[in-house]
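A short worksheet on the structure shown next.
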Amino acid sequence: MDTPRFALFSRLLHWLMALMILAMLFIGIGMVASLADYHWLLSIHRPLGIAILALVAVRLVNRQLNPPPPLPADMPPVLRFAAHASHVALYALMLAVPLVGWAMLSAGRLPVVLYGGLELPPIVPQDVMLYAWLRAAHTALALALFATFLLHLAAALMHGLVFRDGVFASMASLRARRGTPGRPG
Amino acid sequence: MISKPPDRSRYRLWPPSTGVLAGLGVTGLVLAGVAGAFAYTVGLLSPGALTQTRIVDRFQAVNGIHPGFRRNHAKGVCVTGTFAGNGAGARLSRAAVFGSGAVPVVGRFAVGIGKPFLPDTGAEVRSLALSFRPASGGEWRTGMNDIPVFPVNTADGFYGLLAASAADPATGKPDPAQMTAFLGTHPETARALGLIKARPVSSGFADARYNGLNAFRFVDSSGASTPVRWSMVALDPFVAQVPPSGAAREPNYLFDGLVARLQQGPLRYRLVITVGQPGDPTNDATLPWPAGREEIDAGTLTLDHVEAEGPGNCRDINYDPLVLPDGIATSNDPLLSARSAAYSVSFTRRAGEPKTPSEVQVPARPPATPGVPATGG
Ligand code: HEM
Ligand code: HEM
């Protein structure tokens, strides 16, 4: 069975970022409710979040170079629309959440330390009202990212376990080759 | 292989086959697992745990909510100046601030109370918070108090002490029974309060000694780390406080005294680094280090400008004790991570609130040309 697959590099990026983002969501909500672990979790949260921001950029370029395989021809339009809309939402949130994190620290005049003496410059001027606003936005967008991720996970499992249409395997396959388009199943 | 077009779309869920039901079941289980793990991490499943939110809520319960003000050390005034390192600190820390040369500093004098409009009494803890800003980056923030040790050594202790020392709404005074009960289970606090009460108290902000209290680590260029504590020691000679009688006391006499002193000329402090020895407690801010520890004079802080809290100055800074440059690192003192977490919640709340002018205002400097009589008109 040679179903169409994402390019190997695309799959690699996908699973790497899936792990990183899921970890970040747990680190984020864990650290704001932990006195003992707050500091070390935040010192992982910043560089990991910035790494995600950089990888989203790589991923958007890669998507142009290695377009995703087509969805199965018999997939109903509602599901196609849901798939596209949720992917747009995921990309937008993957970009917005870390950008807002960086911007909020800038507005709060808090240094964006990555590691040791390695620091990023502020991207917005100091303004505490803006800080408060961005801080709330960081939480709201991160929760929206978690909700969208749950939908995405549910859809992936449905493709794999219920519809069995090869969409799950197109991302979950370990094989190096991309497969033959137009031969779903 | 040519797949046979299915007579029934594989995307139809109704009526469900056993396979569809099993697939939906597994999907639901996985989702419930992930969402449950999330709820656990948020703390939804352990509502009793002490968090930064609960600490700041307790400050508000004890002091009331004063929008725009810090939840602790609420009454304060902004100062600026420079720190001139003498190079001696560079032996133990690679931080840029310990080189020689002047580094701009933004600071804040305050009293350790959560009510921004409370009159000065002479019984309050005085504090100095500083942000050192070397041109090469690597900012260093620190908050220091004029007490020799901190009254608690854990965040739980802090939370308990906050309640035990709060005024009883019925009497307006702390309930001694609550305090006795707290001290009974916290001997370290009883010991520390003894040291705090016995300290010599200076006449004002200008001639005090401010202590960082928590232990940190200095890291040198080879990566070797040394436990340290630090203090800012006034060059103005220490004068013991004689509290003015209640009637004679201006409500802001401590701050007025500071402003008057600064209008006569800059204030200077020595940065004293106390070097810990193996075995000195780094995880317990209630314990002083043994006398006779090596002290390094690392440079001089000069404060030459004072202004009321306002947009963009010290008011808008979170003096988070873990904003540290490369070369200064946190220790195993549990108060540090807890402070960093609680200051962030306090900062986030006050940042988003409308601002009221501080009780502490700085009058314009008296005119430089004396002898011009006031007309009184
Ligand atoms: C994909 C990337 C990111 C995700 C998924 C994420 C997620 C989160 C979450 C879930 C929270 C907890 C929000 C709450 O419950 O209030 C949080 C807080 C926070 N995040 Fe992020 N974040 C990301 C990137 C970043 C970046 C790049 C930075 C900064 C460089 C950052 C800085 C912070 C800070 C400072 C806090 C709050 C700490 C506090 O209020 O004490 N985050 N993040
Ligand atoms: C777990 C223990 C502690 C808690 C929960 C706590 C809590 C707080 C809070 C909520 C603020 C207001 C922060 C802001 O809105 O910017 C504050 C300010 C301050 N704290 Fe603490 N604190 C603790 C321990 C200490 C210790 C050990 C010291 C002294 C070494 C200290 C010195 C200060 C100073 C100097 C300020 C005022 C900083 C400024 O002027 O902005 N605190 N504290």
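Backbone N, Cα and C atoms are what each Cβ position is placed from, and that goes for glycine too.
Bear in mind that TrEMBL entries carry predicted annotations, made automatically and left uncurated.
From a predicted model like this one, the values you see are computed outputs, not experimental measurements.
Here's what TrEMBL has on this protein:
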- A:5-171: domain 'Cytochrome b561 bacterial/Ni-hydrogenase' (DOMAIN)
- A:12-33: transmembrane segment (TRANSMEM)
- A:40-61: transmembrane segment (TRANSMEM)
- A:81-105: transmembrane segment (TRANSMEM)
- A:140-163: transmembrane segment (TRANSMEM)
Of A:12-33, A:40-61, A:81-105, whichever stretch has the most CB pairs under 8 A to the transmembrane segment (A:140-163): A:81-105
Distal contacts, the transmembrane segment (A:12-33) - CB-CB under 8 A, six or more residues away: 6, 41-42, 44-45, 48-49, 51-52, 55-56, 58-59, 62, 94, 142, 145-146, 149, 171
Whole-number mean of pLDDT values that fall within the domain 'Cytochrome b561 bacterial/Ni-hydrogenase' (A:5-171): 97
